[in-house]
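Here is the structure we will look at, set down as structure tokens.
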Amino acid sequence: MTVEFRSLHKSFGATKALDGLDLTAHQGELLALLGPSGCGKTTALRMLAGFEHPDSGQVLVDGEDISEVPAHRRDAGMVFQSYSLFPHLTAADNVAFGLRMRKVGAAERRARAAELLELVGLPQHADRYPHQMSGGQQQRVALARALALRPKVLLLDEPLSALDAKVRVQLREEIRRLQQELAITTVFVTHDQEEALSTADRVAVMRDGRLEQCASPAELYDTPSTAFVAEFVGTMNRLPGRATGDGTVEVLGQRLPVRGAADTSGAVDVLVRPEAVDATADEDGSARVTATAFHGAVTRLTVTLADGTTVKADIPSHRASDLAAGAAATVTLPERPVLIEAHAA
Amino acid sequence: MARLTNRRIRWWRGAVGLIAGLYFLVPLACSVLFTVDVPGQGFTLSSYTGILSASGFTSSLLLTLELAAATIVLVLGLLVPALLAARLGAPRLRPLLEVVCSLPLVVPSVALVAGYSGVLRWGPQYLSRTPLFQTFVAVQNASFPVVLVLAYTVMSLPLAYRALDAGLRAVDVRTLMEAARSCGASPVRAVFQAVLPNLRGALMNASFLTLALVLGEYTVGALLGFRPFAVWIVGIGGSQAQLSVAVSVLSLLLTWALLLVFAAAGRSRTRIPRRARAKAAPALVPQESAS
């Protein structure tokens with residue numbers, strides 16, 4: 001089942017929620033919509049579910065425009081951010097709710113509900129009411145309910161954001177396992193980049209109602225196409241540099257090739273990940289280590305350069321012993337293309 | 001120190017409880033005493049036994065209960081769709097709805113009934129040659145005065161609104177609706193199968209408040225010349241004082257009984273699920289046979 005958003009526009013009063021979104025989720029893939037709050041990711045998902053109507057543009061499922069299909073006739077199971085189980089029904093009845101709407105017989109309903117509760121690991125909770133279950137259990141039941149009608153698409157609207165950290169990790173692994181087992185096309189809205197990177201096949205980073213970049217987690221992390229993506233996903237250093245206009249940039253006394261906008265010249269910020277920055281102890285170095293944080297295999301150094309810029313550098317812990325706070329150091333970058341951003345001013 | 005303040009608070013609680021209790025219970029006790037202790041006869045229950053045979057008791061009570069039922073249906077039929085629509089579609093209309101529903105609080109029922117009787121007098125005169133004339137006659141039919149239902153509906157709007165609003169605040173109507181719709185329920189089915197069952201307590205409260213209002217309403221019924229229960233009680237009080245107080249005491253008990261019934265019905269959501277009970281029962285059998 002392929003899902004396609006085609007130049008979707010949507011405004012709520014003066015605020016533009018979607019400003020020309022183009023995006024495709026392929027058959028059987030888990031696509032994460034990632035972005036800061038207000039970027040339009042939830043609006044896009046709600047359009048797919050049928051709860052919002054686009055001002056213009058189309059939502060296609062398997063090439064068919066479903067914009068005019070009412071929400072209850074779309075084949076989409078949804079898990080909501082807030083606990084959305086029906087409080088007056090038991091877990092089993094919640095899961096069977098959709099089957100009841102489809103007039104499936106009682107015996108078959110019960111069998112299917114039991115099967116789904118088994119699938120999400122809660123077979124013994126069939127007769128519990130939502131208020132008798134924990135948040136994580138409620139979301140599992142909600143997941144089972146969303147899958148009960150064998151939907152073509154599974155929609156997850158920040159389903160983990162109300163849970164505590166440990167349950168969140170557990171449940172997201174489970175969602176991933178189920179999604180792969182059922183090979184169901186899934187759209188997963190989240191503002192948590194770690195969640196998106198660890199579960200999704202592809203991550204679509206959104207900003208101000210538009211798509212910034214849609215790529216696999218590794219590609220997004222290693223070769224972000226814009227400065228926004230680079231800084232939203234993972235940690236990023238901004239180093240002052242000078243672009244020459246011929247595809248290279250001078251930074252930290254080195255000359256490095258530029259990825260992307262090669263014709264930029266003048267003062268720029270060079271974007272580098274902490275693990276790409278190397279620091280060595282150097283008596284004559286102009287930089288100074290101001291803080292260290294031990295992370296196991298690596299130690300994150302905070303280094304202040306001569307001009308006052310702060311740089312974070314991840315170096316192997318075994319090399320960090322002579323780089324205590326206060327030590328003089330030299331900071332270098334590997335000979336690899338870097339992403340730059342021209343100064344706004 | 002903490003214990004001291006604690007004790008002082010308890011002492012006040014007792015005092016307030018006592019004063020409030022006296023305030024409510026003394027008149028009640030006096031009423032009961034008045035009905036069972038007839039001068040010259042000593043202790044007797046004759047006023048209570050006389051109620052059933054008193055002329056007009058059954059008919060006026062039945063009329064009032066019918067009016068109450070019709071009013072409840074009308075009030076809920078008006079308010080529930082309006083409140084749901086405001087919550088789901090037009091949240092900005094909620095304050096307006098609240099003001100409209102609270103308006104009857106500031107209009108005294110005497111003013112309301114003055115308006116009603118004015119219209120009822122004016123209408124037939126000007127509409128005598130139109131089909132609406134029959135409508136005016138029909139709404140004033142003494143065996144079931146629809147005009148009273150209309151008046152009671154207006155009067156119970158503030159009470160029912162508060163009760164329903166409190167219930168709606170406790171559930172996330174929008175999410176329930178959307179969850180139901182993503183499970184394949186049409187909007188109407190979503191309301192009936194996902195939202196309303198979770199408003200049961202609120203619906204019961206609203207119904208009960210409306211019922212209580214209709215049971216005790218005197219002004220409108222009396223001034224429009226009908227004989228619902230409260231009007232009948234006052235009427236009989238003129239001739240048979242003991243009987244009328246006995247009826248009041250009885251209607252108080254009746255109201256309490258109804259309140260308990262409604263409260264029980266509203267609370268029964270916490271009942272043991274049917275299937276769990278069914279499962280628990282057979283589980284006992286092997287245990288018994290084993291022992």
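Cβ from N, Cα, C; glycine included.
Taken from TrEMBL, the feature transmembrane segment applies to B:12-36 (among others).
Annotated transmembrane segment per TrEMBL: B:56-84 (among others), in sequence order.
Per TrEMBL, the feature domain 'ABC transmembrane type-1' maps to B:63-262.
Taken from TrEMBL, the feature transmembrane segment covers B:96-122 (among others). If one looks beyond the transmembrane segment (B:96-122) by at least 6 residues along the same chain, the residues whose Cβ comes under 8 Å of a Cβ in the stretch are 79, 82-83, 86, 136, 140, 147, 151, 154-155, 157-158, 160-161, 165, 217, 219-220, 223-224.
Residues 63, 66-68, 70-71, 74-76, 78-79, 83, 97-98, 100-105, 109, 112-113, 116, 120, 206, 209-210, 213-214, 217, 220-221, 224, 226-228 of the same chain lie 6 or more positions beyond the ends of the transmembrane segment (B:142-161) yet place their CB under 8 Å from a CB of it. Taken from TrEMBL, the feature transmembrane segment covers B:142-161 (among others).
As annotated by TrEMBL, transmembrane segment applies to B:208-233 (among others). The list of residues near the transmembrane segment (B:208-233) in space but at least 6 beyond its ends in sequence, with Cβ under 8 angstroms from a Cβ of it, reads 56-57, 59-61, 63-64, 67-68, 71-72, 75, 109-110, 112-114, 116-117, 120, 140, 142, 145, 147-148, 151-152, 155-156, 159-160, 163, 244, 247-248, 251, 254-255, 258-259, 262-263.
Taken from TrEMBL, the feature transmembrane segment applies to B:245-265 (among others).
For the transmembrane segment (B:12-36), same-chain residues at least 6 beyond its ends with a Cβ under 8 Å from one of its own Cβ atoms are 43-45, 47-48, 242, 245-246, 248-249, 252.
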